[in-house]
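Everything on this sheet refers to the single structure shown next.
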Amino acid sequence: MDFLNHNYLSARASYDYTFNFWNDYLGLSTLVTKNSKHSVPQNPNSITESLKATLGLDDSPPCPCVMGEGDSGGHLDSCCCPPPASISILDLKERFSILSPFQNQNQGSLLSSSQEREIGIGGGFAGFDLFGVERKMRKPAARNKQEPKICVFCRNNGAPEEVYGSHVLKTPDGRVVCPILRAYTCPLCSANGDNAHTIKYCPLSKDQPAQRVLKGGRAVGGKRVKIF
């Protein structure tokens, strides 16, 4: 340890080991300078030049004949260089369409959709409205849900499921089809068959005084008729 400390102190006397932030210890500045000399300078107008090349615009220097005769006032008819090719409006539109590739697709999709609406798709499916058919299919389904497939009259009178599940009370046009209700004759209007109904639904029952029904189901002043 004494030997190492002695060498370190003797070397420190001849060289200052203090770290300097601004000193380039690795020589990076020399390396960067060499790379910058060998690298190709970038053109600041590279985007502009590529755009001109895409559009086919000529940015070449003028003809030397024009430069030589421009100051002398000579005629330009004797120029030896070929005249530049004329660019039409259609060519410019076609070249500018490269910059907006989605514009033509949108126009084509709008045109195709309008043509499909006019002439239809597939000939036989012309004017085929899928959503309209789906709505028409939903309406009967909803209507069928509202109409029970059982006889409410028989179920309310305590008939077994085999009986009230075998038929319905009425048809959609209001005709009574329940065999038990068809055999019943209304005591007020004597209606039966297709127009059969109970006293509760009889048109003449509005003129009769309402009977108070007890808990057992027997009306005051009357007897309960047990069908089942």
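Glycine residues also receive a Cβ, built from the backbone N, Cα and C atoms like all the rest.
Annotated by Swiss-Prot as region 'Essential for its translational repressor activity', the relevant range among 3-18, 19-34 is 19-34.
Cys178 (Zn(2+) 1 binding site) is surrounded by 19 other CB atoms, counting those within 10 A of its CB over all protein chains shown. Residues near Cys151 (Zn(2+) 1 binding site) in space but far in sequence (CB under 8 A, at least 6 apart, same chain), listed by position: Ala159, Val163, Tyr164, Gly165, Ser166, His167, Val168, Leu169, Cys178. DSSP gives Cys154 (Zn(2+) 1 binding site) a helix state.
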